[in-house]
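What Swiss-Prot says about this protein:
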- GLY151, GLY152, ALA153, GLY154, VAL155, GLY156, LYS157, THR158: ATP binding site (BINDING)
Amino acid sequence: MANAVGKITQVIGAVVDVQFADHLPEILNALETNNNGNRLVLEVAQHLGENTVRAIAMDATEGLVRGQTVTDTDGPISIPVGNATLGRIMNVVGEPIDEKGPVATDETRSIHQEAPAFAEQSTSSEVLETGIKVIDLLAPYAKGGKIGLFGGAGVGKTVLIMELINNIAKVHSGFSVFAGVGERTREGNDLYHEMIESSVIVPDNLTESKVALVYGQMNEPPGARMRVALTGLTLAEQFRDQSGTDVLFFVDNIFRFTQAGSEVSALLGRIPSAVGYQPTLATDMGAMQERITSTKAGSITSVQAVYVPADDLTDPAPATSFAHLDATTVLSRAISELGIYPAVDPLDSTSRLMDPQVLGEEHYNVARDVQGILQRYKSLQDIIAILGMDELSEEDKLTVARARKIQRFLSQPFDVAKVFTGSDGKQVPLAETIESFKAVVAGEYDHLPEGAFYMVGGIEEVKAKAEQMAADAA
């Protein structure tokens, strides 16, 4: 049967109503029309009655007119998948946007897939080493797990996700997928050029590239921002099922997925829920997050940045994502104001791997001791603010001194932030991190000044910096 053809009856911003004479397209079907020479894809969202469907546009609708013909593709949005997508940048509907010609593959896959069945899923408790001290020690990531980076505006989510790409994706033997969801175009451009510089993308020989990029940035209509995370996820699923290896899936930013869903929901006339979000918030998030999973064929390790509106972790959008994650790294404005980067909150960040049977007794005990000292320092801060340090007992003074050293030792220079800090990035092996913090907690370095612990890698650098500081002071 020939594909059904309809006519546009109404255009309301990113929402388009299309009337079909006989055969109505199904919900989630992709419709196509020609907008001034450009292919415009619409996705069916509602059946309105009288043979009319309401669809969401995946690109700008300026130029559409009533009466214009629209064709039903008879299936959901499908994108090119497989090795031909490596080294390429695609948009939400799988069109290349890197000016390197079409994606050379006939293999396509619908962006709407069922989550793997319960029997197909697999879990692992293997630690994914990142080389970042505060993460490896206090909230370790699981291979094949879901990781969330939570933070307000400007506390360093994107820098941290870039550093994780730098540390993990470069040494990672499998494939990576990066989905830029509703973030700055400049950051997407910077990331692309950084990947070329570090040979993760090889422009002259794309088959040697290890990453596929999918962008739906801030300037795109809400339909594109709502669906681009699914486009990236579809690529990652295909790599997992085809290669059977561990696929890395980076999303920046998952909040924009929710935000776009809220815009679309309002355009479709649904009654808003708490704080103006869509009533289907938990369903939308669950449908996507359940697909990001490890199966017996291979695994997906996902790192998702989550913007926290007004630094409020109880906002429905970040609160809904918490339930789906294996590890949460919370970035704190108070810590970033101290100049400590990465501004990870060591007391708020969590991981399901925080268990002596997974990490081993030594790692677990050191992590808990570090958190214990920091927690004691936090509870003493009110007393210090009112009465000053002199009113503390000798034991508490020692706790505060160690806590301040630990706090500074949890900072670390990043490769991707070299342009801001002027110092080379450092990666610290997990064994060295555990050993160093064990010694600091035990008081072996009580004689060193706290300034020596700031923005360094391992403990040897602390000693060298302390000597340098002593020499400069002499």
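Backbone N, Cα and C define each Cβ position, glycine as well.
Cβ-based neighbour count (10 Å, all protein chains) for GLY152 (ATP binding site) stands at 17.
Cβ neighbour count for VAL155 (ATP binding site): 27 (other Cβ atoms within 10 Å of its Cβ, all protein chains included). Neighbour density around each Cβ, counted as other Cβ atoms within 10 Å, peaks among the binding-site residues GLY151, THR158 at GLY151. Here the binding-site residues are ALA153, GLY154, GLY156, and the one with the most other Cβ atoms within 10 Å of its Cβ is GLY156. Mapped onto three states, the DSSP output places THR158 (ATP binding site) in helix. Other residues of the chain with a Cβ within 8 Å of the Cβ centroid of GLY151, GLY152, ALA153, GLY154, VAL155, GLY156, LYS157, THR158, the ATP site, are TYR307, LEU331, SER336, ALA343. Long-range Cβ neighbours of LYS157 (ATP binding site) (same chain, at least 6 residues apart, Cβ-Cβ under 8 Å): LEU149, PHE150, GLY151, ASP252, ASN253, ALA305, VAL306, TYR307, LEU331. In the three-state DSSP reading, GLY151 (ATP binding site) counts as strand.
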